[in-house]
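There's a structure below that I have some questions on.
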Amino acid sequence: MSKKPVRVAVTGAAGQIGYAILFRIASGEMLGKDQPVILQLLEVPVEKAQQALQGVMMELQDCAFPLLAGMEAHSDPMTAFKDVDYALLIGSRPRGPGMERAELLAVNGAIFTAQGKALNAVASRNVKVLVVGNPANTNAYIAMKSAPDLPAKNFTAMLRLDHNRALSQLASKTGKAVADIEKMAVWGNHSPTMYADYRFATINGESVKDMINDQDWNANTFLPTVGKRGAAIIAARGVSSAASAANAAIDHMRDWALGTNGKWVTMGIPSDGQYGIPKETMFGFPVTCEGGEYKVVQNLPIDAFSQECINKTLKELQDEQAGVAHLL
């Protein structure tokens, strides 16, 4: 019995991350090799962007993906989000030269207020929303606050790129396979203040912290490397990381939809008060996923260094939220 197609909205669909993600969604990498999808693609109402989107759709057609049950181009979120089961909000305004962070928050505030309202009006009531466009946590917070009729838990922000970056640094440091690392956690904001925490991590049952046993490396090499990896990629390639961001978005959605089999992953989610994080703050937590729901890993001890890191990233998030309060 073949499954009924699900509707997947992708914003910024003709952008770099969009180009890196759409073919993987259509091939079944995100929702499973037995799940047909209808792609509802949103781009800005500018002729050049809409034309580029048509080109991407031509390529998608030319792949003849068996699971691609349909696709549509849109310039209005009210039509793009109609009845969607999954929404990947990738499109956002990047920070231009000389642009203040407050300006960036205001411009994106307008985009994500409109998209949150559209999801509220027309999306499936069980829609799973992932915000990739930066500042991801605050954009997700804005969308969530603009959609009062949808459960807050349906809105998430992407911390998986930080999580995957941390895994690869640990694999490289220990000389072990990245797939063998379990129980990695990333706390906080998707920004250089995020706190990648391997205190609980294991490789084949052995403690990674004991294996590395170097707090100086943790504080002065590991955390800055993971936190500033995006900037390092821009410096090397001249453009921001798109393929790795697309890959992290696929990982995030796949795990949320299909489950993690008890493995820890990191998701930016509205806090329910866990670990002293104020309610509704869009914050990275270690979670496990099962049956289409995520659950925060509870009762982890937080030492003084970790608390300091968590407080720092929380303060940044609270400042960002305060900066958009007037838009909500």
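In case you wondered, yes, glycine gets a Cβ from its N, Cα and C as well.
So Swiss-Prot says this about it:
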- H190: active site, proton acceptor (ACT_SITE)
- G12, A13, A14, G15, Q16, I17, G18, N108, Q115, V132, G133, N134: NAD(+) binding site (BINDING)
- R95, R101, N134, R165: substrate binding site (BINDING)
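Looking at the shown structure, can you explain where the listed features end up?
When secondary structure is read from DSSP and collapsed to three states, H190 (active site, proton acceptor) falls in the coil class. Every protein chain shown contributes to the tally, and the Cβ of H190 (active site, proton acceptor) ends up with 30 other Cβ atoms within 10 Å.
Around G133 (NAD(+) binding site), the C-beta neighbours below 8 angstroms that are at least 6 residues distant in the chain are T11, G12, L89, I90, G91, S92, N108, I111, F112, N139.
In sequence order, R95, G323 constitute the residues six or more apart from R101 (substrate binding site) in its chain with CB-CB distances below 8 Å.
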Do you see any of the recorded positions A14, Q16, H190 whose C-alpha is within 10 Å of N134 (substrate binding site), and which ones?
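So far as Cα distances go, the recorded positions lying within 10 Å of N134 (substrate binding site) are H190.
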Between Q16, Q115, N134, which of the binding-site residues has the fewest other CB atoms within 10 angstroms in the structure shown?
Q16
What does DSSP assign R95 (substrate binding site), in three states?
coil
May I ask you to report the DSSP-based helix, strand or coil state of G133 (NAD(+) binding site)?
coil
Across all chains shown, how many C-beta atoms besides its own are within 10 angstroms of the C-beta of R95 (substrate binding site)?
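R95 (substrate binding site): 15 neighbouring Cβ atoms within 10 Å.
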